[in-house]
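Engineer: Quick one: this structure, given as structure tokens, is what I'll be asking you about.
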Amino acid sequence: MSEKKINLLDLDRKAMRALFADMGEKPFRADQLMKWLYHFGVSDFEEMTNINKVLRQKLAARCEIVAPEISSFQKSTDGTIKFAINVGQGQEVETVYIPEDDRATLCVSSQVGCALECTFCSTGQQGFNRNLTVSEIVGQIWRVSHFLGFAKDTGERPITNVVMMGMGEPLLNLANVIPAMDIMLDDFGFSLSKRRVTLSTSGVVPALDKLGDALDVALAVSIHAPNDELRDILVPINKKYPLDEFLAGIRRYIAKSNANRGRVTVEYVMLDHINDSTDQAHELAKLMKDTPCKINLIPFNPYPGSPYGRSSNSRIDRFSKVLMEYGFTVIVRKTRGDDIDAACGQLAGDIRDRTKRLAKKRMQENQISVTMN
């Protein structure tokens, strides 16, 4: 049986140089190849004209360049584009491109589904299937960059920012998320500033400490409740890592980080008459007083079967004013792509149903296998 080829999109620069050293090649050759991959989107070794023919043949024999394919896409009236990305075995994840006047952000997924079961999030209701590989994470950026034309002028703004805020909890897939973000930041990779790559977490505290030791990127933290009692319901991982532990971990990360400029972004979804009273705003302000942050209020984006409603503009406004009285910078997030279910908390949609059908099929296959054995 032939040896499985190495997918070069799975390798950060350190791993790429190690591979080239194993082939008897100098490190700069690995850097050249990465530029072809990530600066120009080239996937055919024969097109890499500054790499000699013998090395191109060695690469073709041992390696491949495989990114997940775009299955379909929908474009919102506001220019937001939601992509369904095929990651094999009947599984898909969603990736969202959000253009603005001065930048274009890509919201990237880290897992198929999510194990955290946040009660206001469509992805959380999908259940967890598996972690994405490095190539499946960076492949989302690579494929969408191809869609946008890579270095060609197609009229669409090129990707300037990446947020790990798609499907999944990134800190539960650190082994693949860290090298993927390394590629995003690398000058020979996507060459993004560390302040333009953001990881969002619901509070896996030990993994947050590991991230701080390995990498410096912007951090967004999903708080969503001003106390443990309510957060236990909205964000069940709070039962394992309550707010005091999470906030201490956030402060440790801030102390190590330059990307965050001394403060993180707090994400707080606004749920009608659940977490949006002025009393709860006072409680949130007191909770966050020792953790340097700006606060991003996110109007809830309903999805089919959701038990929650979106806070009214007046309730959001009152909540925001209380926080500002305490001196916090407060931003009310503009909802983007909600007409195509691409807004915050809506990712999953039909994919959730397909994933559940796949899980059911696997269960049936396992039952058949057990019966036969």
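Note: Cβ is positioned from N, Cα and C throughout, glycine not excepted.
Features from Swiss-Prot:
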type	residues	note
ACT_SITE	E94	active site, proton acceptor
ACT_SITE	C344	active site, S-methylcysteine intermediate
BINDING	C114, C118, C121	[4Fe-4S] cluster binding site
BINDING	G168, E169, S200, S222, I223, H224, N301	S-adenosyl-L-methionine binding site
DOMAIN	100-339	domain 'Radical SAM core'
Engineer: Out of E94, C114, C118, C121, which of these recorded positions is nearest G168 (S-adenosyl-L-methionine binding site) by C-alpha distance?
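Structural biologist: Among E94, C114, C118, C121, C114.
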Engineer: Compared by Cα position, which of the recorded positions E94, C114, C118, C121 is the closest one to E169 (S-adenosyl-L-methionine binding site)?
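Structural biologist: The answer is C114.
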Engineer: C114, C118, C121, I223: which of these binding-site residues has the sparsest Cβ neighbourhood within 10 Å?
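Structural biologist: Candidates: the binding-site residues C114, C118, C121, I223. Fewest Cβ atoms within 10 Å: C118.
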Engineer: On the three-state reduction of DSSP, what should I expect for S222 (S-adenosyl-L-methionine binding site)?
Structural biologist: strand
Engineer: What is the number of other Cβ atoms found within 10 Å of the Cβ of H224 (S-adenosyl-L-methionine binding site)?
Structural biologist: 25
Engineer: Rounded to a whole angstrom, what is the C-alpha distance between E94 (active site, proton acceptor) and S200 (S-adenosyl-L-methionine binding site)?
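Structural biologist: Between the Cα atoms of E94 (active site, proton acceptor) and S200 (S-adenosyl-L-methionine binding site), the distance comes to 16 Å.
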Engineer: Determine the Cβ neighbour count for S222 (S-adenosyl-L-methionine binding site): the number of other Cβ atoms within 10 Å of its Cβ.
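Structural biologist: Here the count is 25.
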Engineer: In Å, how long is the longest CA to CA span across G168, E169, S200, S222, I223, H224, N301, which the record gives as the S-adenosyl-L-methionine binders?
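Structural biologist: With G168, E169, S200, S222, I223, H224, N301 as the binding residues for S-adenosyl-L-methionine, the largest Cα distance is 19 Å.
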Engineer: Near N301 (S-adenosyl-L-methionine binding site), which binding-site residues out of C114, C118, C121 have their CA within 10 Å?
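Structural biologist: Final answer, ordered: C121.
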Engineer: Sequence gap of 6 or more, C-beta under 8 Å: which same-chain residues meet both conditions with respect to S200 (S-adenosyl-L-methionine binding site)?
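Structural biologist: Result: V163, M164, M165, P170, L219, A220, V221, S222, E267.
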Engineer: Work through the recorded positions one by one (E94, G168, N301) and point out the residue whose CB has the fewest other CB atoms within 10 angstroms.
Structural biologist: N301
